[in-house]
């Protein structure tokens with residue numbers, strides 16, 4: 001194990017600048033063992049103009065220059081009740097947003113489930129997905145490493161690049177959809193006078209500023225952005241609640257209803273579960289002594305309460321579409337227009353509330369932008385030398401372009417993209433749990449060796465289990481563009497049933513333990 005003193009010496013030897021604030025430590029620092037530096041050093045020189053810009057930005061108060069370099073225990077923030085509360089506030093504030101609300105519309109409108117069935121599936125699905133993310137969050141304080149860096153300890157240096165790349169796609173795609181919904185709502189509020197394009201650009205600009213500055217500004221923004229959001233959501237419940245139809249029943253025979261319940265439950269699981277591949281990113285500055293149980297419970301509670309709240313509102317709006325003409329007409333335009341219609345009884349004040357809700361999507365988008373930028377650095381040593389803020393700018397530009405290009409096809413985009421949300425993340429989490437419980441319970445981890453390929457596992461067992469999980473997902477997938485053979489068998493009377501994540505997890509669960517045992521016997525790590 002590398003001692004903390006040796007880590008400090010190694011970090012000092014390779015750091016260009018070391019400001020007093022740990023969140024502004026230069027990204028060029030590393031605590032990798034000395035013998036590993038030639039192996040991971042990039043042969044390319046950073047352009048002088050980029051160095052100058054980077055140094056200027058690093059001098060700004062509150063700017064986080066650090067990328068994926070491990071945060072040493074001596075650099076962590078002291079424990080405090082505010083820091084503990086921030087764990088809950090981060091997840092609650094980021095997820096009481098209308099893009100998550102739009103997911104719940106699919107229960108009654110697409111899967112033809114009644115209010116009670118939709119509500120139970122949403123709450124249970126949100127709980128299961130939140131548990132997955134909460135588990136992944138515990139590794140941030142323990143390691144000081146980002147989530148996709150931690151994946152190297154469980155899946156190997158090279159195989160872990162696959163979920164890293166998938167997570168970039170996930171974050172970019174999901175936030176693209178968030179921008180579109182925000183644009184739709186702002187356009188609906190203005191009666192069409194404000195184009196969707198303007199709404200997308202406004203959302204992207206605010207997201208860009210906060211994400212570029214990094215962790216300190218990011219946490220500060222999330223802490224206070226939830227206040228107006230929760231107020232207007234309760235206003236929406238008050239004015240739209242009388243139109244919710246809690247008596248609506250599920251459509252179809254018993255087998256079809258059961259299939260649709262499982263499909264909708266899986267869908268409600270995917271969204272909170274999609275945060276798991278970034279969960280540790282936001283806790284790397286927490287003390288190493290932070291109790292894992294505390295981080296798990298606060299993360300779980302923040303996610304589950306926020307998703308349950310917006311899911312229930314979304315289900316209520318969907319049930320009102322069937323008998324409320326104004327809502328049906330708004331839903332025919334877009335999901336964003338339906339949410340604006342829900343504020344209808346409040347008239348002018350309702351339009352103001354709609355603007356607040358639309359801008360609330362920014363709080364949901366910032367963490368994804370932040371983590372996607374870190375993901376690019378994890379892809380390789382050449383990517384790592386590019387500052388985090390450059391990757392953040394790249395991510396925001398990419399998301400904005402995609403949102404502008406796909407703004408007229410939100411519903412199709414959303415349904416197609418959801419296929420990527422839950423499947424692979426759950427396989428990765430399962431591999432983490434199995435490695436942790438079965439093979440690392442007594443051996444532990446040397447978190448300072450995050451770039452040491454001779455220490456990290458080769459990852460062949462994890463790679464095979466991950467790919468077999470994908471095979472199971474394809475066989476059980478039930479999406480608008482593809483239905484797997486097992487999905488057809490599981491929900492014949494409903495046209496299909498999404499069992500992809502369950503079959504895929506079964507494949508990974510059965511294959512990983514024996515393969516990992518064999519890998520340890522042959523390779524030894």
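Cβ from N, Cα, C; glycine included.
Those TrEMBL annotations? Automatic predictions, nothing curated.
The region 'Disordered' annotation in TrEMBL covers 1-41.
TrEMBL lists 11-24 with the feature compositional bias 'Low complexity'.
Listed as Cβ neighbours of the transmembrane segment (88-111) (distance under 8 Å, sequence separation of 6 or more from its ends, same chain) are residues 117-118, 121-122, 174, 177-178, 181-182, 185, 219, 222-223, 225-226, 229-230, 233, 248, 260-261, 263-264, 267-268, 271-272, 275, 282, 298-299, 301-303, 305-307, 309-315, 317-319, 321-322, 331, 335-336, 338-339, 357-358, 360-361, 363-364, 366-367, 414. Annotation comment: TrEMBL describes 88-111 (among others) as transmembrane segment.
Annotation comment: TrEMBL describes 117-141 (among others) as transmembrane segment.
Tertiary proximity for the transmembrane segment (162-182) is limited to same-chain residues at least six positions away from its ends with a CB under 8 Å from its CB atoms, namely 97-99, 102, 148, 151, 155, 196, 199-200, 202-204, 207, 274, 277-278, 334-336, 358-359, 361-362, 364-365, 368-369, 371-372, 375-376, 378-379, 395, 398-400, 402-403, 406-407, 410, 413-414, 417, 420-421, 424-425, 428, 463, 466. According to TrEMBL, the feature transmembrane segment maps to 162-182 (among others).
The feature transmembrane segment is assigned by TrEMBL to 194-213 (among others). With a threshold of 8 Å between CB atoms, the same-chain residues lying at least 6 positions outside the transmembrane segment (194-213) that come near it are 60, 62-64, 175, 178-180, 182-187, 221, 358-359, 361-362, 365-366, 369-370, 373, 389, 392-393, 395-396, 399-400, 403-404, 407.
Look at TrEMBL and you will find 225-244 (among others) tagged as transmembrane segment.
Sequence annotations record features per position, and here TrEMBL assigns transmembrane segment to 264-284 (among others). Within the chain carrying the transmembrane segment (264-284), a Cβ under 8 angstroms from the stretch's Cβ atoms is held by residues 70-71, 87, 90-91, 95, 100, 103-104, 106-107, 111, 113, 118, 121-122, 124-126, 128-130, 132-141, 143-148, 150, 163, 166-167, 170-171, 174, 215, 218-219, 290, 295, 299, 303-304, 307, 311, 367-368, 370-371, 374, 418, 421-423, 425-426, 428-429, 498-502, all 6 or more beyond its ends.
Long-range neighbours of the transmembrane segment (296-318) within the same chain, counting only residues 6 or more positions beyond its ends whose Cβ lies under 8 Å from a Cβ of the stretch, are 84, 87-98, 100-109, 115, 118-119, 122-123, 126-127, 129-131, 133-135, 137-138, 233, 236-237, 240-241, 244, 246, 268, 271-272, 275, 279, 327, 338-339, 342. According to TrEMBL, the feature transmembrane segment maps to 296-318 (among others).
Look at TrEMBL and you will find 349-373 (among others) tagged as transmembrane segment.
TrEMBL lists 385-405 (among others) with the feature transmembrane segment.
Feature annotation from TrEMBL assigns transmembrane segment to 417-439 (among others).
Same-chain neighbours of the transmembrane segment (460-481): 154-156, 159-160, 162-163, 263, 412, 415-416, 418-419, 423-424, 426-428, 430-431, 435, 487, 490-491, 496-508, 511-512, 515-516, 518-519, counting only residues six or more beyond its ends whose CB sits under 8 Å from a CB of the stretch. Annotated transmembrane segment per TrEMBL: 460-481 (among others), in sequence order.
Counting residues 6+ beyond its ends, the transmembrane segment (487-512) has Cβ neighbours under 8 Å at 252-253, 255-260, 262-263, 266-267, 269-270, 422-423, 426-427, 430-431, 434-435, 461-462, 464-466, 468-479 in the same chain. Look at TrEMBL and you will find 487-512 (among others) tagged as transmembrane segment.
Only residues 6 or more beyond the boundaries of the transmembrane segment (349-373), in the same chain, are considered here, and those with a CB under 8 A from a CB of the stretch are 90, 93-100, 146-147, 167-168, 171-172, 174-175, 178-179, 181-182, 185-186, 188-189, 199, 202-203, 206-208, 210-211, 214-215, 218, 221-222, 225-226, 228-229, 232-233, 235-236, 239, 275, 277-278, 281-282, 336, 339-340, 343, 388-389, 391-392, 394-396, 399. Within the chain, the transmembrane segment (225-244) has long-range Cβ neighbours (under 8 A, six or more residues past its boundaries) at 89, 92-93, 96-97, 115, 309-310, 313, 316-317, 319-320, 324, 327, 339, 342-346, 350, 353, 356-357, 360, 362-363.
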